[in-house]
Every structure is written in C-alpha cells, then in structure tokens.
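This is the structure I have questions about; it appears just below.
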Amino acid sequence: MYALAVNTGNSEDNSMGLDQYELASKEWLLNYANVLCVNTWQVKRYIDIYSASSMIGFSSEDISRIADMYTKAEKTYRQIKDNASHRSKSNDLSPSSLKHQIDAYVKFLNSVAELARSKWTEFNLPMMLVGIGMMLMSLFTHVFVIYRLSKACGVPFNPCGNSKISLGLVFASIIVMIRMWSLFSNSYILEEGKVANFLLATSGLVMLRYSIMRRKMLLEAGLFLILVAIIRFTIEIGLSKQAATSAFLHFNPSWMLGIDTSHHVWTHIFELLPMLALLLLVHLLYKAITGSSFGAISKITLLGTIFSYILIAMQWASENKMLGLASYGVGRNTLPRIIYAIGFGQILLLILSKLSCQEKAVVDCRRSIISDSLAMLSAWSSTVIIISGQQGPLVALATLIGGYCIVRFHDLEGNASGTPLVLAVNPLSLTQWCLFAVCLFFCTGHWCAFDGLRYGAAFIGFDEFVLVRQAILLTIDTFGFSHIIPIFGLPFLLLTAGDEKKGFPFARLSLVYMIYGFITAATVTATLLCVMVHRRHLMVWGLFAPKFVFDVVGLMLTDVLICVASLYFLGRTRDNTPAHDHAIGN
C-alpha cells in the first residue's frame, strides 16, 4: 500500500504531457503488479505451510487448483520484470499485458480468500437459532415455575398489587436487563467486572435510601458500600495482565497500594494480613459452634474446617522466608494434600449423614437448613482458600461481610404495612447476590479469557500433572468464590423471609434457587445472542468466543450445583405445614 501511494498516476495533473502521463501510468501498473506479486507469494507460502502442518488443511484438489493458478500468474511475471529493469524498454510494456498480469494475481488472491472463508468461517445459523430457542424456552419455564412456587408459598404473583415491592421488582429487572445488554459490546465485556460492580453499588445506594427511610440498618448499608468500593479497586488490579499470572496467588497488598516494600515494617504487616484474616475466620467459626445448637455432624465439620485453617496458616508460614520456618516445615505438598483430604471427608460425611438420617420430621426447618448450609460452606472454604492463594482469606472475609449485608437487606423493603408481597422472596436481594458473585470472580484475578486462568493453582500440593485432578483444582480456583460458595450460601437469604407457615423450606428455598438460576440463564442467553450477532467481529475469537465458553460452563456448573444443593438441603426436610402440602399438590 505504501508502494502504491508513491505514484498514483493522477490524471488531473495538467502540467504532465500525454507521453509522460502514459509512462507514469505504466510505472504505476508495474508497481502495482510488483506489490501483488509479493502479496501473492506470501499467501501461497502461508497456504503451503498451513496445509503441511495442519491436520485439517485443504484438500489435495484445492491445493492443486491453487498451485495451477499461481503458476499461471507467475508465468509472464519474470518477462515483465526483465523488461522493466531497463528504462529504455519501458515503452515496450503494454498496459494491457500489465492489467492482464494484475488480474491474474487478483484472481488468485480472491480464490484463496474464498476458499479460506469457506473452510474456516462457516457458521451454522440454524443450529444457533435452535440453541437460542432452547434457552428462551428455559427462561419461560423458569418464569412459570417461579409463578407456581410463589403461589405455593401463599404469595400469588401480582406485580401491580403493591407499588413499593413492585418498584423493587422493576428495579431488579432493570439491573438484569442492563447487564444483559452490556454484553453486546466488546468494550463492556472487557470491563464486565466494573459494570457488575457499578450495578451492585447502585443497588447498594437504593438500600441506603431504604435504610434512611426506615431508620434502621444504616451501619450495614454503609459497610456494604465501603465493601463494594474496595472490590472495585481489586477488580481494577485483577483485570490487569500482571495480576492474572501465578504470581497473583501470592497476594501482596503492598503492590496493590503502591507502598515501598523496602521498609520491613510494611512488609511484615502485609505478610500477616492473610494470617489475621484466617484467625478472624477461625474466631467466627468457633463462635458459631459455641453459640448455636448445631448437630454433632455440623460441629465436627466446623471443627475440621478450623483445623484446616490452622494448617493453611502453617503452610504459608513455612513458605515465608522472613519467619525462617522453611527449614522446619514438612514437604511443601503435604499440608495442601491433608487439607484437600479433610475437605473431601467433610463433604462426604455431610452427604452420608443426609442419606443415613432417619428422622421423621424436623422441628425447626429453618435452623436445620441454615446449619447444613454453614457446614457445607465451611467444608468447601478451606480448599477454595488454599487454592486461591494468600488472597483467599481476605476474599472469604469480604464474601462473609457482603453476604451478611445482603441477608440483612432482604427484608429491608418488606411489607411493614401488611400489604401483600409480589414474590415470597425479594428479587432485588437475589440480584445483588448474583452481581456480588460476578464481582468476586473478577476481584480474584480472573477474567473470561483462557489466559485469565491461573494454571499455577492447579499444582498447589502436586508437582506432577494428572488431567482429571488438575482440572478439578483449576475449576475450584476459577469458580470457587463466584459459583460454589454463593450457591451453597443462598439459604441464608431465608433467615428473614418470614415464618415457616409460608412454604418454608421446600417452596421458598426452591423459589430462591429458581430465581437465581433464571438470572444466570438470562445473562447467558444474552451472551449467546451476542456471539451470534458478532460472529464476524474482529474480536470474535479473542473475546466473544472465550466469553461464550466461560458463561456456558458457568451456567452448567450453576445448574449442577443448584440440583446438588436442592437435594442436599431438602433431602431429609419434611415440612408439616399446610403450605407444603399445597406446594406438593400444585
């Protein structure tokens, strides 16, 4: 292109004579032929190397046809080049022969482009439409089941029945729609974590407004907004290329804050922050054991988690050169393997206790489900924390604080005046829970790209590569804080969801999971539409396709976890209330 711009053969130059113009035109055509010759040679070399190295390359017939066209295009090129090398023979070059040579090169390039386009960029639009149709059917099924479950809870779905609660439902719907539409822009996909954080902060301001109006929960509203601001800061770090490497596993707040680490005081403080967060988590678990009437299995699980937290602290202390404990530690893979074994044993114990329990009825269904949820979360937490690195305890503490605030907000805009509810649960709280999970995905250093996977996390506790084992560890690291922990923590939203006479636990807990699944499925449906619309986009393989893969995998994992959580929480629960009989009848 630069070579062609040197002499454009401008016919509007009046100072140029006819002979000079014809000579300039011939020179421009010759220059154009030379440029196309180089380009054609580059394309032919690429096709040959690709066909030789790729298992999917072109067929022998296509290669033969391309080679014949290239040979014909090159047949007269040497003669033209030899004539052009002598200025005295420039007049012997006819424009028709140069144009014929140019047409041969252009025909070759167009044929190769057409062949490559037919082989590499085929999209099956009918199958895409079938997939989107299935997702739309799934969304309609969600809506129908949500309506029936809300009716079973004794709260018929009536969006126009209460203006205050309808406003909350409309606001939650608007937030979900904004998030869905933002996925149609590549820039907003790149900034997806910031978009989710902005929407979460907006919902937090709405909750602050309700707190001021009701004159309660002001502390929780302020704490939630501060937490969202901190998460916004960590998302900025997590989206950078430097943060998504294995070095991010060794989380160092001094690097994030730009503090000079040459001062040993600061270094010691920031190295101890994860340890202090672990100690705080241990204190909260111990307080939960001593302050609640949990069953024996739940207490054993919580005690096992406390022991795992101590092992995690020992592991990080042994890796800390400042403490001088590296020479006294056991093998660097021993403690992580013990933590994995404890976590797996805890989950297996909880499942077996559900299967072997022969209780006829549960007197306090709510306390039973909450204790089961806390036990399951604690069983997963130790594995998720150690795989996430030294950022794990801080993220776990942020998850705990954010979840507590959202649980407190759940009944903030409730029916204080006794007016009927639109849904048996607050959809705005569930929307906040979903946005909070998205923010946790990005603030832990992930993003929806294959180079956003922290492959080093799959080798914590292991040196050798085993496909299934490393895939499980990598999945836990990628989706631990954003999918596993939030889904098993959803029952906490029912702490303030009214009394047991309104379908709790079966219908209400099922309703919570159905609404959460609907929000996730709606977002993935927008991603499918986005990928179909942008299938010819420049960033389709660099941005849209990885986003599609991450969302689909996340949706499948969400559905599996919802099914497992529903079976776990409701497996032995028998609600002897009339609402439960009504739910079963419907």
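In case you wondered, yes, glycine gets a Cβ from its N, Cα and C as well.
Relevant sequence annotations retrieved from TrEMBL are reproduced here:
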type	residues	note
TRANSMEM	125-145	transmembrane segment
TRANSMEM	165-184	transmembrane segment
TRANSMEM	217-235	transmembrane segment
TRANSMEM	265-285	transmembrane segment
TRANSMEM	297-318	transmembrane segment
TRANSMEM	338-357	transmembrane segment
TRANSMEM	430-450	transmembrane segment
TRANSMEM	471-493	transmembrane segment
TRANSMEM	513-533	transmembrane segment
TRANSMEM	548-570	transmembrane segment
Given pairs 6 or more apart, does the transmembrane segment (217-235) have at least three Cβ pairs under 8 Å with the transmembrane segment (471-493)?
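As far as Cβ distances go (cut-off 8 Å, pairs 6 or more apart), the transmembrane segment (217-235) and the transmembrane segment (471-493) do not touch.
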Other than its close neighbours in sequence, what residues sit by the transmembrane segment (125-145), given a CB gap under 8 Å and a spacing of at least six beyond its ends?
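Those are 514, 517-518, 521-522, 524-525, 528-529, 532, in sequence order.
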At a Cβ cut-off of 8 Å, and with pairs 6 or more apart in sequence only, do we get at least 3 pairs between the transmembrane segment (430-450) and the transmembrane segment (265-285), yes or no?
no
Taking the transmembrane segment (165-184) as the reference, which of 297-318, 471-493, 513-533 gives the largest number of Cβ pairs under 8 angstroms?
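Result: 513-533.
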What stretch of 265-285, 297-318, 513-533 shows the most Cβ pairs under 8 Å to the transmembrane segment (471-493)?
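Out of the listed stretches, 513-533 contacts the transmembrane segment (471-493) most.
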